[in-house]
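Novice: Just passing along the structure, written as structure tokens.
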Amino acid sequence: MLERFSKWRQAFTDTEDEEPTSIDPQNIPRHVAIIMDGNGRWAKEKGLPRIAGHREGMKTVNKIVRAANTLNIEILTLYAFSTENWKRPKAEVEFLLKLPERYLKSELPTLIEENVQVRLMGSKDGLPSYTLHAVDEAIEKTKHNTGLILNFALNYGSRFELTSAMQQIAKKVQQGELMPEHITEETISAHLMSNHLRDPDLLIRTSGELRLSNFMLWQIAYSEFLFMDVYWPNFTEHHFYKAVLTYQNRGRRYGGV
């Protein structure tokens, strides 16, 4: 890991004015979650249709996946499509749901080569067959990879997730499989869509907006939040590395002193 980190640091300092002299390879956030925001405003400011922003944003995904893998981050969760996104214009929704297929068709060989494991967090209900096929194929072909977990939050909403978890738990109580007094935080976590993942250490939201948009509300209770005033299509590896540096300069207390 240290050798890999040293190579990254040299590449970084060769291309950027600011040297990350204080970054600690032993204190890398294990799980980074990102709300990829600002595609539409990026396009509007350039006089382009919103889908042009989403297309450009897909290029940013490539950069950040590589950056996360280089830093040996264990999990990268990307908020790709929320349950609220269905309310957008039909043409935009159709384009957004084609992006996973386009991305995976183009990048799956590289993801396999770089030992990345693809996972999905969200409801499959309502997703088009071409999206499901692309995601399922990627999950199957990368399931034995042991490097970065690339977790796509697709058709995901935290309130829906929590409601579903409560329904599952209530059913177990009703059937006598679980006593109400035995329900713990761990019980709830085990019934969430993210039950196969540790909670995020760092949550990044781009575009400067200061809200969580129904994203992993249970899981980010003790995450460090970083709201960055840059649209997602303009978000670079440099921004990502600066986010990691900011995380390392904070003291995580988990509710303590």
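Note that the numbers count up from 1, one per residue, in the order the chain is shown.
Any Cβ shown, glycine's included, is placed from N, Cα and C.
Remember, predicted model here, so these are calculated numbers, not experimental data.
Dumping what Swiss-Prot says about this protein:
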ACT_SITE  D37  active site
ACT_SITE  N85  active site, proton acceptor
BINDING   D37, E224  Mg(2+) binding site
BINDING   38-42, R50, H54, 82-84, W86, R88, R205, 211-213  substrate binding site
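Please situate the listed features within the shown structure.
Specialist: Counting only residues at least six positions away in the same chain, the Cβ atoms of R205, T206, S207, E209, S213, Y231, W232 sit under 8 Å from the Cβ of D37 (active site).
In three-state terms derived from DSSP, N85 (active site, proton acceptor) belongs to a helical segment. Around N85 (active site, proton acceptor), the same-chain residues six or more apart in sequence whose CB sits under 8 Å from its CB are V93, L96, listed in sequence order.
D37 (active site) falls within neither a helix nor a strand when secondary structure is assigned with DSSP, and so counts as coil.
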Novice: Which one is it: of the binding-site residues G38, G40, which Cβ has the fewest other Cβ atoms within 10 Å in this structure?
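Specialist: If we count Cβ atoms within 10 Å for the binding-site residues G38, G40, the smallest count is at G40.
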